[in-house]
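S.K.: Following this message is one structure expressed as structure tokens.
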Ligand SMILES: Nc1ncnc2c1ncn2[C@@H]1O[C@H](COP(=O)(O)OP(=O)(O)O)[C@@H](O)[C@H]1O
Ligand SMILES: Cc1cn([C@H]2C[C@H](O)[C@@H](COP(=O)(O)OP(=O)(O)O)O2)c(=O)[nH]c1=O
């Protein structure tokens, strides 16, 4: 996360004082997160003789006292540092944290650990508020937002580093230290980090003393309100309650699984690594799938993963599940942010975001504290069914199971509130999103909203009269005021002409059916991109002499390649552009060839049974989708065919007079023959 931030704002860190401030902030944040883990671990260690319940209460109490000051509204903290010199405040906070954390293992008693946790938390808040104000002072007004964003990312991102550092220190302590001293090492390192952080702030020199910017006001309830707010809040509360509970009981649960502090650190590390991935992937996953639905749904895997964590007593599995839960929380948060951005009015976005942040913070705090305390109250239980193997079910398991149920229930409520696609089947939308295609209701036209124009294709065998009828249709449409583009395949573009030369030249020998298919598809891709789509975009009627069906009929049925594979290649080549209407001029090859005098090209000179198969292929395609086809007997006289085509085309024509003009004249043009 930190790296993303750095990459996104290279300019901010190129400002010297800000870079030094950022270094201090990174160290201080690392120390903050490390203190959470180190103090929790020590609380467990110093009460090791007191039994499961008391140990769990000690963990809960440390988490509570350490986290409590962070619940102070940002505005209050900012007001607090208003009158202080920022640099002095930060250096003093660092020095005090150094002293307090150093003293904790030296005293080695819970009575001192608890107030120390609280004091450390208060100093952390003081430091952060001073740093935020200092960053505002150091950055020029146009860079302040970037600098603050980077600061927030750094502060959150260092959780991952702190957990990894804690796990490593625990491993190191186990290798070189004995007994009680093992839990002390992280605290000594923690104290040292604050010392270095303090020195870094001291080295900053004077920090300008402009009054801190007034913190963004919450804007009252109404300003942050928008329709999805409640649903978002419920879903996020459900997911983060599960996350908070898992982290709250992490130390205890890992200890009962004989995991030690390295296991505890690894678990927390997994949670934050998952969270970072989820935050990154959230906005990118599942394409067009409704963000509101995604958020509502996130509670289901969150609940199930928590239930699995409650029931499967295995450290490795627990770590993996925690990573998954972190990932879900990350996706949920990123998704909520997207929804706020998409749905809240601009001035309501900031307050809505602040509201959700505070909510998540409070939920995390409550879950973090209540979970270990409840776990302690429930205690340890062991079931030994006659003849079966023993199964232990501790307070940690019971709490996680209960939270899992709550999360699933909130999911139910949240999903109902958030669902913005009632009537669209969830399974259908989800499966379309997983395949990476837009959801199209059964029977609906997938390109209904894509283009304004109309797309008509003429298909059929050699000499069926496609060129003749396409030309007559275009003339008729132009006479009625339409913008018409007539085109053909293969060879409507510059590249297409070269492909056509290869494809139809009798000198081209040994071309494999697949290569032939791909060359026709390449011509078509170019045709769509450069001729058809731009014309449809501007609202024109495009009339093409041959399109995808020719490939299906000639290469599929004629060359006997699997039609479905050819369809797939062509879907890709055309971006799934399909004609609104295909006019199939159906004629026997004998009749068609009988109309030619010119020498046969490479395709035309295929044997008669090839052309018979092509004809059958065309007919099958039309039979499979009668709504989009007009099949005409091309043996009829030309005028008769023209009339049949006009009757059908008339049904799909848009109004040639722009709506605005029509409003003025109140006349409705009728299309005559
Ligand atoms: N319905 C018809 N009856 C008889 N001859 C036709 C008919 N339609 C077209 N023709 C003639 O057949 C020949 C081939 O027509 P054309 O439109 O080029 O076919 P295609 O483009 O399908 O190969 C042309 O000489 C055309 O005048
Ligand atoms: C567009 C297309 C054409 N073809 C063949 C059909 C024709 O024989 C030839 C195109 O020749 P052309 O002379 O343009 O066609 P028409 O017979 O309509 O005047 O290419 C395919 O085999 N696959 C395709 O995808």
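Backbone N, Cα and C define each Cβ position, glycine as well.
Automatic prediction, not curation, is the source of TrEMBL annotations.
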S.K.: Tell me which range among 359-378, 419-438, 439-458 TrEMBL lists as transmembrane segment.
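M.R.: Spelled out, TrEMBL records transmembrane segment over residues 359-378, not the other listed ranges.
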S.K.: Check each of the ranges 128-145, 380-397, 398-415 against TrEMBL and return the one annotated as transmembrane segment.
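M.R.: It is 398-415 that TrEMBL describes as transmembrane segment.
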S.K.: Which one of these stretches, 262-282, 472-492, shows up in TrEMBL as transmembrane segment?
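M.R.: My reading of TrEMBL: the transmembrane segment range is 262-282.
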S.K.: If you check TrEMBL, which stretch out of 150-173, 510-533 is marked transmembrane segment?
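M.R.: Comparing 150-173, 510-533 with TrEMBL, transmembrane segment matches 150-173.
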S.K.: Taking 8 Å from the centroid of the Cβ atoms of 460, 461, 462, 463, 464, 465, 466, 467 as the cut-off, which other residues in that chain fall inside it around the ATP site?
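M.R.: The surrounding set, listed in chain order, is 585, 587, 592, 634.
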S.K.: Counting only pairs at least 6 apart in sequence, do the transmembrane segment (231-250) and the transmembrane segment (398-415) share 3+ Cβ pairs under 8 Å?
M.R.: yes
S.K.: Take the C-beta pairs under 8 A between the transmembrane segment (150-173) and each of 21-45, 185-207, 262-282, 318-339. Which stretch has the highest count?
M.R.: 21-45
S.K.: Within the chain of residue 467 (ATP binding site), which residues six or more apart in sequence place their C-beta under 8 angstroms from its C-beta?
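M.R.: Once residues fewer than 6 apart are set aside, residue 467 (ATP binding site) is near 488, 545.
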S.K.: Under 8 Å, at least three CB pairs between the transmembrane segment (398-415) and the transmembrane segment (294-312) (pairs 6 or more apart)?
M.R.: yes
S.K.: Does the transmembrane segment (57-81) make contact with the transmembrane segment (294-312) through 3 or more Cβ pairs under 8 Å, each pair 6 or more apart in sequence?
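M.R.: Since fewer than 3 Cβ pairs under 8 Å link them, the transmembrane segment (57-81) and the transmembrane segment (294-312) do not come into contact.
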